[in-house]
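Here's what Swiss-Prot has on this protein:
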- 196: active site, proton acceptor (ACT_SITE)
- 39, 40, 41, 42, 43, 44, 45, 46, 47, 62: ATP binding site (BINDING)
- 33-329: domain 'Protein kinase' (DOMAIN)
């Protein structure tokens, strides 16, 4: 939906608000939120900033099309019914044709261990669903873009080895990666696989980071129900597809997650992806000359995360390696 159309229609946008336990309340978005501004958009739909009328808090509204809708179920304790006035309760209806999205289910489950991922509201307008979540700050991709020109020039002229600014940027990158690892591992341990981990889906607000966009996320079965993940289960960004998806037609979610860390480390170091052609990752043509100018432990970690053999990636030692690398960057002046 074009931005101008959505902004103009917001005040009168008729939706159904999910109250819980299969109940819906016909209403307008403007009954609960003030529209503020457009934030971002993609193939899924669009992101907008709105203000909660009840609290005055700025929150994020994600408007997603039902092109690839996966239904979910919210637990019984997730309910808005108790906060309704008597006259609103009379308008609540049961609609078995409406379902909440799997993304909403994942957010509610994730918020039990990561409160910043709380789902505040859920709406359905027939053609799309709308999620209301906390505002988590700037995306890591946006932060990186603010340094892109300087880093690109340092890389282009091979002037980044030993550069003070670049060393501090690498240290910041590793700090981000450690925080991202903790969040992703917590989610993975409760059975949630993000499936699209990248800087665009990491928000930074001071010292805090939030993982966002669970539109293609999936549930990880326990070891007793372990399934084979086929290439069709990978629905993330093409620049983050691990080689085993193409060579064997299957992959392991954690192996792919570690691969994503390698791609992110490379991208944030050089402001470009390690593989530029759609199928180049199958040939694994890393540019060694660039990596050789990084601190050796940094370059080695990228190489291992981007190993063609999934079992040779630092599957169990990634956090330790990142922590050691962070300490190494703090103790060296130049390399």
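Along the chain as shown, the residues are counted starting at 1.
Positions of Cβ are set from backbone N, Cα and C atoms, glycine also.
Quick caveat, the model's predicted, so the values are computed rather than measured.
Annotated features taken from Swiss-Prot, shown on the structure.
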residue: 39; record: ATP binding site; CB count, 10 Å: 15
residue: 41; record: ATP binding site; CB count, 10 Å: 15
residue: 45; record: ATP binding site; CB count, 10 Å: 20
residue: 47; record: ATP binding site; CB count, 10 Å: 19
residue: 196; record: active site, proton acceptor; CB count, 10 Å: 19
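Between the CA atoms of residue 47 (ATP binding site) and residue 196 (active site, proton acceptor) there is a gap of 17 Å, rounded to the nearest whole number.
Across the structure, residue 39 (ATP binding site) and residue 196 (active site, proton acceptor) are spaced 20 Å apart at their Cα atoms. Taking only the Cα positions, the spacing between the residue listed as 'active site, proton acceptor' and residue 41 (ATP binding site) is 16 angstrom.
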